Amino acid sequence: MSRIEIDAGDLEEVTLTHDEAVLMRGLCAEAVEALGEADLSTQAAMATVELLGCRLPERLVAALLSFRCTGSSSGGLLVRNVPVDERLPATPADGYLPDWRTVGIATAAQLMVMSHLGDVIGYADEKHGRVVQDVAPIAGAENYQENSGSAYLELHTENGFHPHKPDFLSLLCLRPDHDRTGRTLTGTVQRVHSRLSESCVRTLRQPLFRIQFSSSFAQLGSSGYSEPVAVLSGPVDDPELTADFHAMEPMTDEARRALDELEAVLTPSLSSVVLDTGSLLVVDNWRAVHGRTGFTARHDGTDRWLRRCFVVADLRRSRGARRAGSRVLAPLTTILADRSTGPAATPLAGVTGSVSAR
Ligand SMILES: O=C(O)CCC(=O)C(=O)O
Ligand SMILES: [Fe+2]
């Protein structure tokens, strides 16, 4: 899609040196060995990964800590030269890799990096609750506003409708698209705040917007929309941002105009990158929105393939929404029902699967 033409600022990045990458690959191999047949979505598996992650190269840890605490102007941090498996399986045509161990090095690398930003979680509603998910184009889904599509993916906050939305997400590239047109985009309001009109900012700070649940989270009996939310919150010069230019519904005409103004101002300010094999992009899901330009898939096993992982800053806040010892959040409908009727009257439902995810 030619709509995103201006690259206003680079993504902040750190490139691992050869020695750093070798050290990290060794830690990943240790993790794969230690995990064995473990279910990755358990607290025990994460503890194994986190302990090994304490030994990541100091320069990388310092960059992650700084990003976690102070953010970046693009809302992203790009880490290049992350170790991935030397022989990669085919890009999963249905968006599900059968066994994480076939990309064990990449999986461990991503989990270790993310463990410096928070606590890794998965959602039962999404991709079978996996804590590392496959992002690959699915035949027939080309125009979906989901990560299984290949058309332009509108800017969005990840799971902005969810009471436990991720604080950070990461995308680790195993394969870029053939034509290298699929650019991952990030944008923050911090960069463009002074270009927004006063009335726009005032409106965006009011709870005049609701977000439609992604199809995987909307189940029978749910309203399918978040409670009304504000798009902007927090400090004036470095606001937090919850937006989705596809799934967000302004509730008044004024709110519609403000959201349109935000999109018009934000779009030319975006940072973008064609992720390469071994490039890992971390996105601050409170300060930044992200999206992706379009690309063409061949569906021959060599298509673009990213792996995605989420963290929350404080795992304890979702205690009532997870089974003990699990990192997987219960279905959204269960969480919302428990919120309206009081704490966990019903046992948390198990992991259910759905293919769609933004
Ligand atoms: O494909 C990309 O670069 C971004 C996809 C995305 O937004 C996601 O998986 O959350
Ligand atoms: Fe996304």
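Keep in mind that glycine also has a Cβ here, set from the backbone N, Cα and C atoms.
Keep in mind that TrEMBL annotations are predicted by a computer and have not been checked by a curator.
Residues near HIS290 (Fe cation binding site) in space but far in sequence (CB under 8 A, at least 6 apart, same chain), listed by position: GLY75, GLY76, LEU155, HIS156, GLU158, LEU169, THR184, LEU185, THR186, GLY187, VAL283. Under the three-state DSSP scheme, HIS290 (Fe cation binding site) falls in the strand class. Per TrEMBL, Fe cation binding site is recorded for HIS156, GLU158, HIS290.
The 2-oxoglutarate binding site annotation in TrEMBL covers THR186, ARG304, ARG308. Long-range neighbours of ARG304 (2-oxoglutarate binding site) (same chain, six or more residues apart, CB within less than 8 Å of its CB): THR91, ALA136, PRO137, SER150, CYS173, ARG175, PRO176, ASP177, GLY182, PHE295, ALA297. Look at ARG304 (2-oxoglutarate binding site): DSSP puts it in coil.
The feature domain 'TauD/TfdA-like' is assigned by TrEMBL to 125-309.
With respect to ligand 1, the binding-site residues THR186, ARG304, ARG308 contribute ARG308 as residues with a C-beta closer than 6 angstroms to one of its atoms, given in sequence order.
When the record's 2-oxoglutarate-binding residues THR186, ARG304, ARG308 are compared pairwise by CA position, the greatest distance found is 19 Å. Around the Cβ of HIS156 (Fe cation binding site), the number of neighbouring Cβ atoms within 10 Å comes to 22. Under 6 Å, Cβ to nearest atom of ligand 2: this is the test, and of the binding-site residues GLU158, THR186, ARG304, ARG308 it is passed by GLU158.
Residue density at GLU158 (Fe cation binding site): 22 other Cβ atoms are found within 10 A of its Cβ, drawing on all protein chains shown. In the structure shown, the C-beta of THR186 has more C-beta neighbours within 10 angstroms than that of any other entry among the binding-site residues THR186, ARG308.
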